[in-house]
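Swiss-Prot lists 199, 201, 202 with the feature Mg(2+) binding site. Under the heading N6-carboxylysine, Swiss-Prot lists 199. Among the features that Swiss-Prot reports, region 'Disordered' is placed at 426-457.
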């Protein structure tokens, strides 16, 4: 590629028709001239050959991806990150790259979108073996082609009649191994204690020892009994993650028998499959995060979790569970917040999804989570924090509600626990408050090279 060729892959962002492009932010490590590497990067993911032999045509103005910003983060790295790449004595340059990609190249189709922005041309571009997609921005014209969430945050709140606090979920545990009868009794107890939503674990499938039909039937009956006893709506969230050709059938069977929300693991099942199901769905859909960490965890390679969050929202998920705060989940606070923001921020006609940061939560982690997010528009999803409570799941759920009441009343957890044995038992079992707040492991804030806002994934 000559210097004159490079120019066709660079543009002033202000001069472009923003409705015709997606804007993509990448972290890139390259050898040699970073401008040449950036030009190759755009060429490979769009018009790798922009004219026919013997022709003076130029396909780049309409079809070429363009570099609109190139920032050098480190111009003299001794080698590529993670020991990737070899065979060149040229210094390695770390860059932040912003690209405008014409969405007419692939249209409003998620498999084709991912093939362009995360495909062969992106991750096998000459001289640039280290790549991480950090963010993606969609124009209104592109978003208008998608349904997005059917219910969204407002619709879910309306179904539950919960408008001024977080929505309280619980993962029924033991999550694997129980028959439907015992499993449904645990769910019933948790609803009586104050949970809004009792859910299947993401690994609980349609098995011979706990078949979906029987599970949905018994949990549906238990849900209705709990609604009659408490006077408030409840949701049973059934996991229908399965082969794509079974999704519609499993949706119908689960909903007919009593499930009033459905869990589908986004990446194992596929975003396009979820988008298909969204067109058929009668109830809210919830995403879980299996198979995302292998793409997202490395700081300088893969795809940022914020991008996965935006794609799940686009596909039609009403609720998106994501790795939450605390060291077990290997996410910085900033990255969790970035994902929550991606659920709630304006996105054209696409409704907001409810963010649910999860991982080892109990009554004592509710206050820190609420303060870090700065909004009541989130879901709180303990597992053992409810179902491993020493007084049982009804008391475990009650301890969550009592922790929220302490926040609203301006009390410490200790003060509230003096009047509530359920909360006192939770503190004794799971941890102790510190400095007037619930104990919660705090990952250190790190400004990462590729994405100070997103942190180390």
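Cβ coordinates are placed from backbone N, Cα and C, and glycine is handled just like the others.
For each listed feature, how buried is it and what is near it?
If you draw a 10 Å sphere around the CB of residue 202 (Mg(2+) binding site), it holds 20 other CB atoms from the protein chains shown. Under the DSSP three-state reduction, residue 202 (Mg(2+) binding site) is assigned to coil, being neither helix nor strand.
For residue 199 (Mg(2+) binding site), the count of additional Cβ atoms within 10 Å of its Cβ stands at 31 [all protein chains shown].
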Using Cβ-Cβ distances, find the residues under 8 Å from residue 201 (Mg(2+) binding site) that belong to the same chain and are at least 6 apart in sequence, listing them in sequence order.
171, 172, 173, 175, 176, 239, 383
Beyond the listed site residues 199, 201, 202, identify every same-chain residue whose Cβ lies within 8 Å of the center of their Cβ atoms for the Mg(2+) site.
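Nearby residues not in the site list: 171, 172, 175, 200, 203, 204, 237, 239, 263, 288.
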